[in-house]
Amino acid sequence: MYLPEVLRRAGVDMPVPAGAGDLAITGITADSRAVRPGMIFAALHGTHMDGRAYIPQAMTNGAVAVLVDAVPACDLSPGIMPIRVSDARHALAVIARVLTPHVPGFIAAVTGTNGKTSTVEFLRQIWTLMGLPAGTIGTLGAVAPCPLPDCGPVLTTPDSVGLMRMLGAMAENGVGHVAIEASSHGLEQRRLDGLAPYAAGFSNLTRDHLDYHGTTEHYRAAKLRLFDTVLPEGGIAAINADMDAATCAAIADIARRRNLVLRSTGEQGTTLRLLDVRPTPTGQVLRILTPAMVHDVTVPLAGRFQVDNMLLAAAMADRDAAGPDRAVPLLAHLHGVRGRMERVAVLPGGAAAYVDYAHTPDALERLLHSLRPHTAGRLVVVMGAGGDRDRGKRPVMGATATRLADRVIVTDDNPRTEQPDTIRAAIMAAAPGAVEIGDRRRAIAAGLDMLGTGDVLVVAGKGHEQGQVVGHDVLPFDDATVIRGLTGNE
Ligand SMILES: CC(=O)N[C@H]1[C@@H](OP(=O)(O)OP(=O)(O)OC[C@H]2O[C@@H](n3ccc(=O)[nH]c3=O)[C@H](O)[C@@H]2O)O[C@H](CO)[C@@H](O)[C@@H]1O[C@H](C)C(=O)N[C@@H](C)C(=O)N[C@H](CCC(=O)O)C(=O)O
Ligand SMILES: Nc1ncnc2c1ncn2[C@@H]1O[C@H](COP(=O)(O)OP(=O)(O)OP(=O)(O)O)[C@@H](O)[C@H]1O
Ligand SMILES: N[C@H](CCC[C@H](N)C(=O)O)C(=O)O
Ligand SMILES: [Mg+2]
């Protein structure tokens, strides 16, 4: 496709200079190292570096044009074809879409502090149960019933170019339904701006990532971009009506302005209203009211928060208004998500050990509440907090663990470039009576040693993760494997 056509389709409004008409565009990238002849290089201002410094390398590698923000102005040497726009990250995403011939016809995107991975995974399972080839893109990587390209290190929301490559591969292989996790970083950095999802979901908004967004308002605004910018007018806005009132009100307001179809779930929901939840030894019995009927469904998963995620997934499963009623009975067949309240071992005395990905104060609170009905004896938690991430959540998590568990062991969880004992100290300061054991394997062993009949251990924070990030190294580590090894449940 020639440059003028690319710009026209992407809605980039700029006069095309003489000579640009015969530039055939082969692709676009924001990484100078990935430039190949005929590509556009997007020179982005990042958190650590300024992409403009890499323009010479991009040109050497064969870039034919450079996409930059018009402000602040920068001089580009003559001979470089400039594409100056008001928002280069947005333009990158839209151009990446223009250069991708096919993407799946039914894309749903889910945002929220907690529950994104679980919700997109439940959506994929619901679609699959409906007989539709379906995939997901998110924290667990990309999952689909077809071969997929390697798009480098996994982010919750891939960069816009990687995202389009993945969607293109899914579409080429007949996968028509895809559920994508929309992280606040991804939304803020416009990684999803090339998508036209038919539905967007919001699970909840609680504390996280204040290191990056600064304030809760900025954090909320980043997430709301999914509804006020990414979701096309007339699309489905599905929300958990039990989340904070300010976010619900903001979405209702956007829905009115943009003619979105609002669907709400939960105890205060109107599309799927949760009338009753009863925990059983193996799952939960739900009573759900819809505008059409009452459903009684037994789901095979424990954990109250999992019900919120299932209902949100069911509300998004179909464009058609009758879709949620078709999806609810399928909840009876869902499988649990790797590392989300996953029971990995049962000890001879009947005690159980779980692995979960709770890494925010609210997630930890809900996790411990969810486990209490399954705990005849004492509830023991092994927990930590990530380095180079929101420092303010550390004491809150320590206090939450102390309030809701009977025994707390504070350990390391991806210290990254921080001093691990400083992170632990911040948690310990709000966790009187907690035991501090930096080495995660020893901490898990100590937790298992504490268990008697009817007790429950939960190892929180790393879920499916396969490594402990120390400095810039990733040391192999899997909570579930460690528990199985220590208990002989291999
Ligand atoms: C803070 C953040 O989100 N950073 C992401 C961002 O990097 P950046 O734009 O700040 O990049 P930078 O390193 O400053 O470089 C600036 C520009 O120079 C370019 N460059 C750089 C070097 C070079 O040789 N040539 C070159 O062209 C880079 O490609 C980039 O375009 O864009 C990069 C490409 O997409 C991401 O890899 C990178 O993710 C980093 C590794 C990261 O850790 N991100 C985390 C915080 C993140 O995104 N997490 C979210 C949320 C998780 C959640 O809520 O659960 C996620 O979606 O995963
Ligand atoms: N609806 C929910 N409300 C509160 N906590 C939840 C909810 N769903 C899951 N959690 C908790 O959050 C943890 C992470 O869940 P999940 O991986 O689905 O969230 P996520 O939003 O994808 O997280 P991330 O931001 O890391 O991608 C779970 O292990 C559980 O402890
Ligand atoms: N074990 C984790 C969870 C990280 C979740 C991730 N989505 C993020 O905040 O980057 C950590 O804090 O390192
Ligand atoms: Mg996730």
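Cβ coordinates come from backbone N, Cα and C, glycine included.
With ASP413, ASN414, PRO415, ARG416, GLY461, GLU465 listed by TrEMBL as binding meso-2,6-diaminopimelate, the candidate from ARG378, ARG389, ARG391, ARG441 annotated for that site turns out to be ARG389. Within the group of recorded positions (LYS116, LYS223), the Cβ with the highest number of other Cβ atoms inside 10 Å belongs to LYS116. DSSP classifies ASN114 (ATP binding site) as coil under the three-state reduction. Mean per-residue pLDDT, taken over the domain 'Mur ligase central' (110-317), amounts to 96. In sequence order, THR119, GLY201, PHE202, SER203, ASN204, LEU205, LYS223, ASN240, MET243 constitute the residues six or more apart from GLY112 (ATP binding site) in its chain with CB-CB distances below 8 Å. There are 27 other Cβ atoms within 10 Å of the Cβ belonging to GLY115 (ATP binding site). Within its own chain, ASN114 (ATP binding site) has SER203, ASN204, THR206, PHE305, ALA358, THR360, ASP362, ALA363, ARG366 as residues 6 or more apart in sequence whose C-beta sits under 8 angstroms from its own.
Its Cβ taken as reference, THR113 (ATP binding site) is surrounded by 22 other Cβ atoms within 10 Å in the chains shown.
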